[in-house]
Amino acid sequence: MSGGASATGPRRGPPGLEDTTSKKKQKDRANQESKDGDPRKETGSRYVAQAGLEPLASGDPSASASHAAGITGSRHRTRLFFPSSSGSASTPQEEQTKEGACEDPHDLLATPTPELLLDWRQSAEEVIVKLRVGVGPLQLEDVDAAFTDTDCVVRFAGGQQWGGVFYAEIKSSCAKVQTRKGSLLHLTLPKKVPMLTWPSLLVEADEQLCIPPLNSQTCLLGSEENLAPLAGEKAVPPGNDPVSPAMVRSRNPGKDDCAKEEMAVAADAATLVDEPESMVNLAFVKNDSYEKGPDSVVVHVYVKEICRDTSRVLFREQDFTLIFQTRDGNFLRLHPGCGPHTTFRWQVKLRNLIEPEQCTFCFTASRIDICLRKRQSQRWGGLEAPAARVGGAKVAVPTGPTPLDSTPPGGAPHPLTGQEEARAVEKDKSKARSEDTGLDSVATRTPMEHVTPKPETHLASPKPTCMVPPMPHSPVSGDSVEEEEEEEKKVCLPGFTGLVNLGNTCFMNSVIQSLSNTRELRDFFHDRSFEAEINYNNPLGTGGRLAIGFAVLLRALWKGTHHAFQPSKLKAIVASKASQFTGYAQHDAQEFMAFLLDGLHEDLNRIQNKPYTETVDSDGRPDEVVAEEAWQRHKMRNDSFIVDLFQGQYKSKLVCPVCAKVSITFDPFLYLPVPLPQKQKVLPVFYFAREPHSKPIKFLVSVSKENSTASEVLDSLSQSVHVKPENLRLAEVIKNRFHRVFLPSHSLDTVSPSDTLLCFELLSSELAKERVVVLEVQQRPQVPSVPISKCAACQRKQQSEDEKLKRCTRCYRVGYCNQLCQKTHWPDHKGLCRPENIGYPFLVSVPASRLTYARLAQLLEGYARYSVSVFQPPFQPGRMALESQSPGCTTLLSTGSLEAGDSERDPIQPPELQLVTPMAEGDTGLPRVWAAPDRGPVPSTSGISSEMLASGPIEVGSLPAGERVSRPEAAVPGYQHPSEAMNAHTPQFFIYKIDSSNREQRLEDKGDTPLELGDDCSLALVWRNNERLQEFVLVASKELECAEDPGSAGEAARAGHFTLDQCLNLFTRPEVLAPEEAWYCPQCKQHREASKQLLLWRLPNVLIVQLKRFSFRSFIWRDKINDLVEFPVRNLDLSKFCIGQKEEQLPSYDLYAVINHYGGMIGGHYTACARLPNDRSSQRSDVGWRLFDDSTVTTVDESQVVTRYAYVLFYRRRNSPVERPPRAGHSEHHPDLGPAAEAAASQASRIWQELEAEEEPVPEGSGPLGPWGPQDWVGPLPRGPTTPDEGCLRYFVLGTVAALVALVLNVFYPLVSQSRWR
C-alpha cells in the first residue's frame, strides 16, 4: 500500500526532473506570494517551526547525506516518522524527549532504523495505523504514546520511536493504542472531520507551507478527488500541489516531458477561474436518477427557485458538478449562514465514463434535470461510484451520499448490484496498478485527474453529517486479516444496508429491519452470545438453524459491506418450518414477526425438558400471588432471551352473566393487538342547562358510525359541562316536536349529522331531597299559519260569501265545504291531524313542592325565547274583546250525524268544523301572523314590517271565557320580562296539559298551590296569536340562539384521527364474548357469553403494539382502516393501563421502529422506519431514523415517522436494561449433550460456514419480483412508487380489479353454470 511506501521516504527521481520541478515550484510560489502575500507571515510561528524541521527518512542515504552537508532547505524532505536506533547511547536531546510526553515532533532528529510503519487505512470516521515493532511479543507497558490534534509521538522500550504530523486534525482525546499478535501495534485515530478523505497519512513539508489548517466545517462526502478546481474555489498553485511528490515518485524517467506538460495544463486551467465571494460545498442534495435506455442517465435534482443566470452544470468524463444559487427559504434554512447570494456546489463522481459534450441540463420551477450520455452502452445500476482507493487505502463510503432529506419510498436511486460493484473494484485495482507501473496507462486520462482535492476553506457554516458509530466487533482469535478485509469491503455506513425483495417479501424485510434495530437483540446476536443458549434438542425449534441464520443476516446488515442483502436463506429456513411462507405470496407482517420471534425463542429456549403445567384460577386469592405463580409456571416451560426481552403479562377477567362467577387468570403476551376506534361521525348537540337564564351551547361530539350508543354522547358532554351523565337526557327533534328520547343504552346508528339532538340537564332527586317532576313541553300558535283556499276533499275553491270553507278544529290546517267532505277526507287526514308546532320543544324539571303555575310559566317562557320570536304590536283603540261569536259565523256542525258504522270502524272521530273567512283575490288566507319564510332564518324582533302589523277580520269559533279581555291596555313592543308577563292581566300564552290519551286540558293558575301533574303527561305552550283578540302577539320560529363551544372547533377535523390512548382504552374495555367464543362457566356447567376484560399486569422491556387496521366481515366484505392514529414518539406513559405492582419509575417507553403498510386488503406494500437506540438511554440514538423500503435505505426526520399507514409499533422501555446471559461454551452450558445433539451442533457449525459464505453479490436484476420467483425476472429493476399516495392508488386499482374478479367468480359464474345445466 502507499502508506507503507510513504513510510520509507520519497523515492527520488532523476536529478534533472527534480531540479526542473523544484525550479518551477519556486517560481510559482514566488508569483503566488507576490499576489496573496507570504503565508508564513499570516500564520506566524506555526510555519516557522515547520520550516526548521529536518527529519531524516529511514533507509535513505541521500537524505542523510543531504543533512550532513547542511542542506536544510530542500523541498523534498518529508516529515513522515522519527525512528531512532535501539541500543545506541541516548543523547541529551533524546533524554529530553523521553521526559516530555508532548514534545513537538517537528524538532526530533532520527537515525536510520528498520521500518516501523507497516500499513494504514481509513474509514468514514477514523484512521488505523499499524506499526510492526521487533519480533517478540509487545506489551502496552512498553509503549509511550503522546497525541495532539495535529501530530503524535510513539516511543518503545527498545529506544525506537515513530511520529509525524497528520494530514488532518484528529480527536486526540479519543485516540487508542492496542497491541495485536505478531508484535503489531494498532493506533486508532478518530477524525475530527468525519467523512473527510485523507490522501496520505502524513503531510509533506511543502504542503504545510501552502495548505491552511483544516476547517472543522469541511465535511465532504462523495468523490475522493476533485479533478479540477471549479468556480468558487481557490485555485491550487502548481508548486503547492499536494500530490506532486507522490506523482514524481511514481513516474517513469522516460515520461518527464509528458508529466511537466500535464502539470502546466493543470496550472493554466486553475488560474483561469476567478474566486467568488463565498462557496459552499454540499455533501448531499435531494435527488433521484434512473437509466433512460442503454445510453443515457437522467438525474433530477430537487432545488426550487434557482437563479438561472448564475447556475450551471459542468461535465467531465467521470463526474459532473452543479453550481447554483437559490432563493428557496426552506433550502437556505438547512444551511445556516447562507443566503440568496451564496454559491453552492455539488459534485458527483460517476460510476462510469460519460461524453461531456453530449450531456445537457435544463432548469424547471422545482428541479434541475440533467441528462448524462454514457460513453459505453451498458447498465450502470446506480449513479455514483461506490468506493475508490486514495493514498493506498480503500475508503469505505456509501454508494451515494447519505440523504439528509426524507424521500418517499422508491424515490431514491437504485443501488449498485454486487456484480457491478465487483467490476468497479477490479477496475479500481487495475487503475491503481497502472498508475504504479508508469505513465503509459495514465496518458489517456485527462491531465486534471491527477490533482488531489484541496480542503475547502470557504464554508459558510458547518453542514450536517451522518455520525454512524461502527458496530463493535467481538474479539477474533488469530490474525486480524479477516477484519481488515471486511473494512476494505465496506461500501456503505453500518445500518444502511437494505434487503432485496425476493418477490412480495416486503413484509419480511420490514420485520427484519425493525428487529435489527432492537438494541439488545442486535448486540445479543452480533457478539455470538446466543450460541451458548441454542437448544439443539427442542422438537419445536429448528435445531439452531433459524437463530444462526438470523445472526448471519443481522451481521450482514451492520457490516456495511452490501448495499442490499438477499434474505433468501432465512426465508428458506422459515418456510421449512411454516409452509404458509413457502413461495412468493403476500403475507401479514405481524404474522411473520410473531412466527419469527417464536421460532427464535424455541431455538434459544433454556428449558431442555418441558414439564406439564395447568392453568390455575385465582379462587379469591390476591392478584399478586396468582400473577407470580402464573409467571413462574410460564418460565418453567418458556425461558429464553426472547421471553426476557419481549414478553409481558396481562390479567384476564371473565364474569358469568347468569351466576356472576368471576374467573381471573394471568397469561403472557408477545405483542398487544389493540383495536382501532370505529369510523367516526360528528353529531351537533345543543345543551340546555337546568336554569333557563343560561344560553344553550352547541357541542360537536364524535361517536362511532356503527354500534354507537347515547352513552357516548352523554359521557362526552358530561366531561365538558361537568354534570353527571345520569342527570342528562338526550332527545331527537323532528319537525319541532320530540321524535324520541334516548336512554343511555339506545343506539345512535340511525342518527345522522344533519339531525337535531337536544340534551337537557335535569334536577336530581338526591339534590332536591324530594320527587322531581320532569315534563316535556312543545310550542304551537293558537291559530296556525297554513293558508286555506280550497276544500281539502273535493278541491273546490270558495266562490261566494255564502259558501264559506270551514276549518278542522283539531289542527286548523285544512278546510272543507261541509261535513260530508270532511268525512270523505278523514281517512287520509287523520294521520296528519295535529296542531302545527313552532320553535324547539324542551324538558323542564321542577320539585313537586314548587310546581306552581307562576314558576312553571317562568320556566317555559325562559326556554321558549331561544327558539321563537315574540312581538306584541301597539294597541288599536277600535279593537275590542270578543264577548260572543261574530254575527256572520255559522253554527258549528256536530259530529253526531256521522253514521254509527263509521264510528265503529274508526274510533277516532273527525273533529268539529269552524268557518273560515272568504278568500279575496290574491289573498293568501293567512292570519296576520309573523310567519317564517322557508328560504332563510327569521329576522329578529327588532324590525317589524307593515305587512306584519296589518290586520284583517277572521271568523273563529267560540272562545273560552278565560280568553276574553276585560279592558284594553297599551301594548309594549318587544319581548316582556317574565315577571311583567306574570303580573300582566292578559298572558302571552296558555298552558295545556296533555295526558296519555292525547286529551288536552288547560291549566288554571292556583296561586301558590302546587299543580298536580303526573309523570305520564306533557305540556303544550299555546301562543295567543289570534288577531281578533285585543292583545295578541306575533310569534314565529327562529334559529336557535346558542353559544358555540370553543373546544369543539377542531372536532370535525379530529373525527378521523385517533390516539394510541384511545386504542389502549378499547383494548382494556370489557366486552361480551360472541356466541362462538362462549366461555364454559365451571359453576353453571354451561357455556356462557361472559364479559371479558384484559388489563396489563407486567410490562416487557420491548413493547410491540399492533394496530388492528384489518377487519374481516366475510370473504367479500373485508376492509382496512386508514385513519391516522397519533402515537407518541417519546415518553409513552402506560402507568394508567398497568395495574400490576407499582415501581419507583413510571413505565415510560420511546419509539424506535414502525412498520408501515400502504394499500388495501388485497394488495399492498410494507416499509419500515427505525432508529438504533443508545445502549444506555433509549431517548438517544446511535443511528438516526432511516426509511427501509426493501433495498433502498434513506434517512428521514423524526417528525415524518407518525403517518396514517403505521401498522406495528416498537417501543423500548426507559431505564430497564435486560441482562444478557454470559458467553460460555456449549459443553459448559449443555454438559450432557448426546450424540444427536453433538451432530446438531456440528450441523449448526456447518450452517455458520454455509450462511456466512452466502454473502455473495446480489445478482443483477434481483428486486421486487413477481409470484414466479427470482429466476423468472428479466430486465432492470422496476422502480417503486415515487410517493406513498401513488402506491396507494396503484394498489387501490389492483384491489378493485381483484374484487370484481372475485365477485364474478363467486356470484355470476355459479348462476351461469346452473342455468347451463338446466
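Placement of Cβ uses the backbone N, Cα and C atoms for every residue, glycine included.
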Annotated range (Swiss-Prot: region 'Disordered') out of 690-711, 888-909, 932-953, 1218-1239: 1218-1239
Selected residue, Swiss-Prot feature phosphoserine, from candidates S244, S461: S244
Where C506 (active site, nucleophile) sits in the secondary structure, as DSSP reduces it to three classes: helix
All-chain count of other Cβ atoms within 10 Å of H1165 (active site, proton acceptor): 27
Rounded mean pLDDT for the residues that make up the domain 'CS 1' (113-202): 83
C-alpha spacing of C506 (active site, nucleophile) relative to H1165 (active site, proton acceptor), in angstrom: 7
C506 (active site, nucleophile), number of other Cβ atoms within 10 Å: 27
